[in-house]
């Protein structure tokens, strides 16, 4: 199959599923060759879906009921606060959230890094995650614990330090099989393909796949592209004005500790650029989860949760599990 990819021929869903399982038994050199060849060719919806389905089928199983996930693909090389972690905590004030995350590969603050910097403990086992969900409406699913078959592939990804199909796969391979999902991608071209792949993997009722002018988030300082899936596909663009928010700057972030501190500042009611960034993405997640009727409603719901102290209280609950 490597020659086929090098010749820029696309793989079918079935071939992609087979290739994923084959990579688990390949040498690191050949794994790197496949990953770079796929990335150079450009991945299709079928290839993403085939890999994602195989990744889910190889994962440690966990049943948390009907959950939402907020996750980005990473790989945008940005130095921003970890917005998806902030959003997941806000969202858990209203619905069950299974946050599928990992340590950083290309950014300054991966979700697992920031989660621990917030003083939260990553559940060791699926049973621990279930207890966390029962007590707090929130469970952090640390990807390496649920995808042990990828141990051989992770060192290759770390060594390559470039975007690969695995950056895309993480959000599609949540072992809790989320029914609702807001998923950030690292290029505009990916939004439709990832939305199609998500629908093919199965289990999704509603999803937003977002790209924000260089970020795998909705951006507060420009135009964002969204592909929405709710049984049908719709692609459109939004700006902060569609959320009732002013344009704001994206301030760089240099470490998980800094990210955690700035998240807590927002949760504590501080009004700054970070707040707009978080509110915009929280609104997207609340709309995706069918808690908010639209983005404007989502912003108001998120604001109230922060201003009433619900979000800080929720963070404290999660810390104390």
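Cβ from N, Cα, C; glycine included.
Database features (Swiss-Prot):
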- 72, 102: anthranilate 1 binding site (BINDING)
- 72, 75-76, 80, 82-85, 99-107, 111: 5-phospho-alpha-D-ribose 1-diphosphate binding site (BINDING)
- 84, 217: Mg(2+) 1 binding site (BINDING)
- 157: anthranilate 2 binding site (BINDING)
- 216, 217: Mg(2+) 2 binding site (BINDING)
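Using a 10 Å Cα-Cα cut-off around residue 72 (anthranilate 1 binding site), the binding-site residues 80, 103, 157 reduce to an empty set.
Nearest by CA distance to the residue listed as 'anthranilate 2 binding site', out of the binding-site residues 80, 100, 103, 216, is 103. Straight-line distance linking the Cα atoms of residue 102 (anthranilate 1 binding site) and residue 84 (5-phospho-alpha-D-ribose 1-diphosphate binding site), rounded to a whole number, equals 12 Å.
Following the DSSP three-state reduction, the secondary structure of residue 80 (5-phospho-alpha-D-ribose 1-diphosphate binding site) is coil. Ranked by how many other Cβ atoms sit within 10 Å of their Cβ, the binding-site residues 100, 157 place 157 at the bottom. Listed in sequence order, 70, 71, 72, 99, 101, 111, 184, 217, 281 are the same-chain residues at least 6 apart in sequence whose CB falls under 8 Å from the CB of residue 84 (5-phospho-alpha-D-ribose 1-diphosphate binding site). A straight line from the CA of residue 216 (Mg(2+) 2 binding site) to the CA of residue 100 (5-phospho-alpha-D-ribose 1-diphosphate binding site) spans 15 Å. Local packing around the Cβ, expressed as the count of other Cβ atoms within 10 angstroms, is greatest for 80 among the binding-site residues 80, 102.
Most Cβ neighbours within 10 Å among the binding-site residues 216, 217: this distinction goes to 217. Summarising the environment of residue 103 (5-phospho-alpha-D-ribose 1-diphosphate binding site), the number of other Cβ atoms within 10 Å of its Cβ, over all protein chains shown, is 18.
According to DSSP, residue 217 (Mg(2+) 1 binding site) is assigned to coil rather than to any helix or strand. Secondary structure from DSSP puts residue 100 (5-phospho-alpha-D-ribose 1-diphosphate binding site) in a beta strand.
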